[in-house]
Amino acid sequence: MPGIVELPTLEELKVDEVKISSAVLKAAAHHYGAQCDKPNKEFMLCRWEEKDPRRCLEEGKLVNKCALDFFRQIKRHCAEPFTEYWTCIDYTGQQLFRHCRKQQAKFDECVLDKLGWVRPDLGELSKVTKVKTDRPLPENPYHSRPRPDPSPEIEGDLQPATHGSRFYFWTK
């Protein structure tokens, strides 16, 4: 029925939250973007194609799981340099990277040595990429209405207007 909205149950919505501040997320953003690229792009593709967030709950859970695993690995292997780095970002006035290059270098070195992750080059994560997915295409990906016939047949005889044209003052 078109007027009834089916909402997901609370069990379907239950996930562990990623409880971090903006400075922590900003400090880890480059490595997070490289490590969780596929789940994030799968989720965004699902959201764009489906136009309904309820249909993308599984992809959203995978994004959340990837983020939690990422921050657990950072905490396990590089907690001290990462804490120094995000604390520096947090205490600079506008959360700018340029004031914290020494801490960033220590963090990047730790991540490279212990996890084997290379910091992506500037602009690498913003390149347009094709996403290979196993999800089937939606039936109507643009959610467009059916188009009317371009030239419908006119029903009945058309009579001229009884009181003349709307643009009468233009014709005299």
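Including glycine, each Cβ sits where the backbone N, Cα and C put it.
According to Swiss-Prot, the features are:
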- 33-74: domain 'CHCH 1' (DOMAIN)
- 36-46: motif 'Cx9C motif 1' (MOTIF)
- Cys36-Cys66: disulfide bond (DISULFID)
- Cys46-Cys56: disulfide bond (DISULFID)
- 56-66: motif 'Cx9C motif 2' (MOTIF)
- 75-118: domain 'CHCH 2' (DOMAIN)
- 78-88: motif 'Cx9C motif 3' (MOTIF)
- Cys78-Cys110: disulfide bond (DISULFID)
- Cys88-Cys100: disulfide bond (DISULFID)
- 100-110: motif 'Cx9C motif 4' (MOTIF)
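Note: the Cα of Cys46 (disulfide bond) and the Cα of Cys36 (disulfide bond) are spaced 16 Å from each other. Around the Cβ of Cys66 (disulfide bond), the number of neighbouring Cβ atoms within 10 Å comes to 19.
When secondary structure is read from DSSP and collapsed to three states, Cys36 (disulfide bond) falls in the coil class. Rounded to the nearest whole angstrom, the C-alpha distance between Cys66 (disulfide bond) and Cys88 (disulfide bond) is 25. The least crowded of the disulfide-bonded residues Cys36, Cys46, Cys78, judged by other CB atoms within 10 A of its own CB, is Cys36. Distance noted between the C-alpha atoms of Cys100 (disulfide bond) and Cys36 (disulfide bond) is 24 Å. Taking a C-beta cut-off of under 8 angstroms and a sequence separation of 6 or more, Cys56 (disulfide bond) has the following same-chain neighbours: Phe43, Cys46, Arg47, Glu50. Counting only same-chain residues at least 6 apart in sequence, those with a Cβ under 8 Å from the Cβ of Cys88 (disulfide bond) are His99, Cys100, Gln103. Just so you know, of the disulfide-bonded residues Cys100, Cys110, the Cβ with the fewest other Cβ atoms around it within 10 Å is the one at Cys110. Over the domain 'CHCH 2' (75-118) the predicted model carries a mean pLDDT of 95.
The two recorded residues, Cys36 (disulfide bond) and Cys110 (disulfide bond), show a Cα separation of 19 Å.
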